[in-house]
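Novice: Below you'll find the structure I mean.
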């Protein structure tokens, strides 16, 4: 059967082969776009809203180098650099105790590199521990979907081992041995206060 257009022309079928479309991988919606920092920020916001704990993320200090003043009433930063933070990322109060911790994540599946920490952070956490504060490290192995709560007094020996010429990383087995795994939830996302309750209260 011939097909005709309203203008009277005949339809000419094209015999060109269309390129085959590539199959897309299925989309996974779990934890999409979420980092450890996002999860912790959501968690501490939940704690604050529900008056469970007061914990805040400290802003990263910035060194401003150059500022442009296009108008008297406005300023535009032209050049700035992140300073190395002198303490940890998070601090606050829970059940009358000072809480201080550092959070790190890695894509590694077998170990955590200690180069993610700095001397001044270790010194700060050791000082908090001396004052009887609750101080710990949260480490997330993103590819494994595991997040670990490690009391500082159990984490610090790994740092000392590296300082004395030993391993520059902590194996996943070592971390699992000294940590409390934090399960992912909805609200709060990463309920690390469960670990504090279990280990300190």
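Backbone N, Cα and C define each Cβ position, glycine as well.
Grabbed the feature section from Swiss-Prot, which reads as follows:
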- 87, 89, 102, 121: Mg(2+) binding site (BINDING)
- 104: site 'Transition state stabilizer' (SITE)
Novice: According to DSSP, does residue 121 (Mg(2+) binding site) sit in a helix, a strand, or coil?
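Specialist: DSSP call for residue 121 (Mg(2+) binding site): helix.
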Novice: Rounded to a whole angstrom, what is the C-alpha distance between residue 104 (site 'Transition state stabilizer') and residue 89 (Mg(2+) binding site)?
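Specialist: That separation, Cα to Cα, works out to 10 Å.
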Novice: Let me spell it out: for each of the binding-site residues (87, 121), count the other Cβ atoms within 10 Å of that residue's Cβ, using every protein chain shown. Which one has the most?
Specialist: 121
Novice: Let me know the DSSP-derived helix, strand or coil state of residue 104 (site 'Transition state stabilizer'), please.
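Specialist: Residue 104 (site 'Transition state stabilizer') sits in a strand per DSSP.
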Novice: Going by DSSP, give the three-state secondary structure for residue 89 (Mg(2+) binding site).
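Specialist: The three-state answer is coil.
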